[in-house]
Protein chains: 2
Amino acid sequence: MKVSREGWQWTPSSGLKAGLPSIGVIEPTQNFQSVNETFDVVVIGAGYTGLTAARDTSTNGLNTLLLEGRDRIGGRTWSSNIEGYPYEIGGTWVHWFQPHVYRELSRYGLNEELVHSTDFTHKRNFFSFETGTGRREMSHEEEDELFSRAIEKFVNVDGNLGRTVMPFPFNAHWNKDVLQYSNLSVADRIAQISHDLSSDEQHAIEAFVLLCSGGTRENSAFLDFLRWWAAGNYNYKTLLDTIITFKLKCGQSGFAIKFFKEALATGNFSYAFNKTVSRVDFSSGIVQVQTVDGQSFQAKRLICTVPLNVLSKVQFSPALDRAKQEAATLRHVNQCVKIHAEIQDPDMRSWSGVTYPNNGLVIGLADGRTPAGTTHCVFFGCNANLHGDEDITKTLKAVKRFAPMDVERLVFHNWSKDEFAEGAWVWYRPGMETKYLKALRKRQGPVLFANSDWASGGWRSFIDGAIQSGTEAAKLVRDELKSGLRCCRL
Amino acid sequence: MKVSREGWQWTPSSGLKAGLPSIGVIEPTQNFQSVNETFDVVVIGAGYTGLTAARDTSTNGLNTLLLEGRDRIGGRTWSSNIEGYPYEIGGTWVHWFQPHVYRELSRYGLNEELVHSTDFTHKRNFFSFETGTGRREMSHEEEDELFSRAIEKFVNVDGNLGRTVMPFPFNAHWNKDVLQYSNLSVADRIAQISHDLSSDEQHAIEAFVLLCSGGTRENSAFLDFLRWWAAGNYNYKTLLDTIITFKLKCGQSGFAIKFFKEALATGNFSYAFNKTVSRVDFSSGIVQVQTVDGQSFQAKRLICTVPLNVLSKVQFSPALDRAKQEAATLRHVNQCVKIHAEIQDPDMRSWSGVTYPNNGLVIGLADGRTPAGTTHCVFFGCNANLHGDEDITKTLKAVKRFAPMDVERLVFHNWSKDEFAEGAWVWYRPGMETKYLKALRKRQGPVLFANSDWASGGWRSFIDGAIQSGTEAAKLVRDELKSGLRCCRL
């Protein structure tokens, strides 16, 4: 198994070690000799957006070059394959209610790879809830009832659970009334309803919403949550089903590699990994792309999938639109911490829990069973407040605070320090969506900007939004470059 | 506006007239001169399956010929554009929970074309319910409560509303326990629960399920309904949202034409309408396709999208597999009647109703508002028991039985008599799915069989299943024909 330089693994015997094995690591790292040709399109970034775009342009006959700074495909979504089990270092869950990602899963024949993260058939079948007022256990039914009741209060701005103000999550501003919530933070919304919240309900809302935003109550926009809720059909159970229930037996990298292989099979597809782009010059009409190691590539079109939080690291000439510059300087708030733990006790398979607000990790849940029969649990924190590589002792302590457990392995990546992401899935600050979303999607001449961070659909932030965004960009480029071939008009 | 020879229109002043205007009618009817070349692929049928397949093969560089017996695109899904309003003659509703269709809508930028069929803001805001015991009115909330309660009883075979026996609707036989319901008819299932059903509940189940199946209690399989239910996330409201709530302002033909135009723009795409295929000979390796007007075409691969109920009209050599022959002889049961009515009263916009079992039409609902300000209502019957072209007086009477209304126009097509469909969306007889589904999907040499009638996904029967099926077939053909181009292997 090839090993990525990214990520960390800790075991009691070997301690903390950098680098994780992954089938997403690509060798050879590039597949071309000469760089003197003018490509039809250069795609920057091999996350799902870039993979989708490059696959679509290459299968549609465009000569395509994919440049990626990492040693692997997948961007913020990749799996580490350890002892026959895929740990999802970033994006994980999918559902047939996420149209763009499910269409691709289905097209690659991966329907039968879907497995449940949850399995409530084992002994330790309960939810542990530790808040400021102590720790207690409840059934998963009681957990769902509490969270559902609390979240419904949170989103119920219109007396219709959000259906009135956001009837079309994939066209979220259709009802302009929704814009009145543009500047609302999670904290603001909680303040509006605090008279109607029990202490448990407030803890439930905060733990769940911060799991979603990866930020703080103050810096996380309410509107992003309302859209997730609407996309999950205005129902807590459906939302859980869509965002945190179904994952892939083959791991996300086993899915992502399908896009890469399909592109490769066209014969139109060149790629280079470990190629960090430093500069994009499109002042002449043709796009010139320079990498930090001094290479230069040129193309008729560029699809730039660089995420929001690192977009300002690339120097554009002419410069990025002012609005893009402002948004890239503001950055989004998601500094999620995600820690995988291999737990000795097989009965933990049915467990989940919250420790909030007094722990570095907020939510934990059983996520699978390893081939060795141990339980795989995953823990989430927010606001970068406990990255495992920075303090492994504190991390182990935070994990064990959820429940007594024997930890045999930890697996994680520090997304906040990740030079190509500086954060996790997008979550805007209050006001950002209304002010910058459209601007972030706007092309500049031959340069298209595509990323789940500013996808137009209901599942912005998700793999679904990435694929949507890559699909749209590829179609636009193809339509433009192939228009000379049009044989007739209807 | 071009006029299709299909469908019927009735108005008080002009009476019954054959043919309906549609933007889906294609002129010129063919775009090539010579037929002597060997195409990479011939696609039979310009429904969504064939349109998707032909678009994908042509954009992927394969020389593609699309043959269609009708004068229009869309197959069992097309709209008639009358006085600025699209009447959906066949398939209508879509949702972002239907991954394949929504991916396409989104890719073509049609997100903003979604509109609600329902609008409960007008005066006649009620549900009328006529059963053997009389007619009464209730609120839509009472309607939903009744139908939800009744349908939950109907599907609750496992005490978990179907989630246990069918956890993956897109992989419906994953839990083999579900196969115990293979031979169950709708009537059988009702018999199992009849001790627990009120008269209203039983009428609600039968009206709703027959709306879905287009057949009878006795000939409609229970398993198809269970899959629809699972695909709708095991919830009546979500099921309604997904299958009968959101439609397209531009009409389905406005969507379908996008596929056709994209294919046309490649320069690899030939087509011929009014070309009914009579014979397919693939005994020599190359596929020979003959049409009833004596033309012959040849291709390396054939994607046959001929629906189940007319599959036996095409002569194959070598012959179709025995299982396919049996299924094509048995036929599916859906003989749905769909009648559009333009109603004078604008306040009918909020109405819906059931008349069952004593009327030729079972369910009616307001479906839109025409530019003239009248209300568009749509009525469904089952089992071919009231086709409008056969008895317009009886049809008008059946419409007016739901509620007093002034009918200004009727628009419909006789799907049972349609030579290229002989029925509506697929609904299997008890036992058919388990016995024939896999066989229907099986290729025979260079001939692939693709159709929503045997799509593997959760939305078989739907536009979604058609697009899924066409996508899969095109990918397979492309992979095979382009494999010589593979430059390297991973």
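Yeah, the Cβs are placed from backbone N, Cα and C, and that goes for glycine too.
Automated prediction, rather than curation, is the source of TrEMBL annotations.
Here the structure is a predicted model, which means the values were calculated and not measured.
Taken from TrEMBL, the feature FAD binding site applies to B:Thr49, B:Val277. Other Cβ atoms within 10 Å of the Cβ of B:Val277 (FAD binding site) number 23 in total over all chains. Following the DSSP three-state reduction, the secondary structure of B:Val277 (FAD binding site) is strand.
Marked as domain 'Amine oxidase' by TrEMBL: B:49-477. For the domain 'Amine oxidase' (B:49-477), the predicted model reports an average pLDDT of 97.
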### Task
List the same-chain residues at least 6 positions away in sequence whose Cβ sits under 8 Å from the Cβ of B:Thr49 (FAD binding site), in sequence order, or say none.
B:Gly75, B:Thr305, B:Ala450, B:Asn451, B:Ser452, B:Ala466, B:Ile467, B:Ser469, B:Gly470, B:Ala473
